[in-house]
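Quick look at what TrEMBL annotates:
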DOMAIN    20-284  domain 'NADP-dependent oxidoreductase'
ACT_SITE  Tyr52  active site, proton donor
SITE      Lys81  site 'Lowers pKa of active site Tyr'
BINDING   His114  substrate binding site
Amino acid sequence: MAAVIRYFELNTGAKMPSVGLGTWQSDPGVVGQAVEIAIKAGYRHIDCARIYKNEKEIGEVLKRLFKDGVVKREELFVTSKLWNTDHAPEDVAVGINKTLEDLQLDCVDLYLMHWPVSMKPGSVDFKPENLMPTNIPSTWQAMEKLYDSGKAKAIGVSNFSTKKLGDLLQVARVPPAVNQVECHPSWQQAKLRELCKSKGVHLSAYSPLGSPGTTWLKSDVLKQPAVISVAEKLGKTPAQVCLRWGIQMGQSVLPKSTNEARIKENLDVLDWSIPDDLFAKFSEIPQARLLRGTSFVHETHGQYRTLEELWDGEL
């Protein structure tokens, strides 16, 4: 019988639902409807970020769903992220306060440092001159204060390489609970996963389907022969197989969709499993990082001169 994995336990003791709704690139006017469909379908984890510019709309929907008794606040796990322009220690609290105001919440369940990249406060675009030197330990100390205050029930990072996560763990008073990174069958993050497991940091997967809706990323995760073959054998869709693979690997998955049928399909991955013989096929899939962060690398501006430096060779 399949192991039903509804939650993963964080190093804080909190339970993080294994499937969450991603809201990146979900346009205002559409994102609220997607969140409502998801919560009514049974999702209990919504992944947000200030830079997605849609938290205000999500907040309106959450307020209404709480008021109507569709879901209780304590039943919902809400993640948000500190944007690169708010890395100065004095700006970290400003960042979360804006998020809490927009989401109409007293606290978030998880607050992540979105990138190990700092940008000029107030800058709104990705011009190279907006990149700044990064001081991860000082930003993290301000994140720890948010944890102490209760505004963030857990804190973590996103887009951190194995080295950057390891370096942070050496100086952190409060260890990160989560590292949210790109992870799917075509980018399995073996080295990072090993460190996370050994240090009690939960690996959470964004783009668990390889961002098929993103025009500027070349994504063929759902077209991998191994994925299609396993899906056919199990009578599931390629997307469901990719999500279930992630959950069986021990990571939460954050598929993004605004389509009602797909939102529901993406949650139907909890009460069945991929048998060992089929699971082994995933090791045959060629590996390639899709989201490379090229906007955060410049030969003269900012912290990182090359993609090798940004990802510490994990490309």
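A Cβ is built for glycine as well, from the same backbone N, Cα and C atoms used for every other residue.
On the structure: features taken from TrEMBL.
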residue : record                               : Cβ neighbours (10 Å)
Tyr52   : active site, proton donor            : 20
Lys81   : site 'Lowers pKa of active site Tyr' : 27
His114  : substrate binding site               : 21
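Between the CA atoms of Tyr52 (active site, proton donor) and Lys81 (site 'Lowers pKa of active site Tyr') there is a gap of 10 Å. Distance noted between the C-alpha atoms of Lys81 (site 'Lowers pKa of active site Tyr') and His114 (substrate binding site) is 5 Å. In this model, the domain 'NADP-dependent oxidoreductase' (20-284) carries an average pLDDT of 91.
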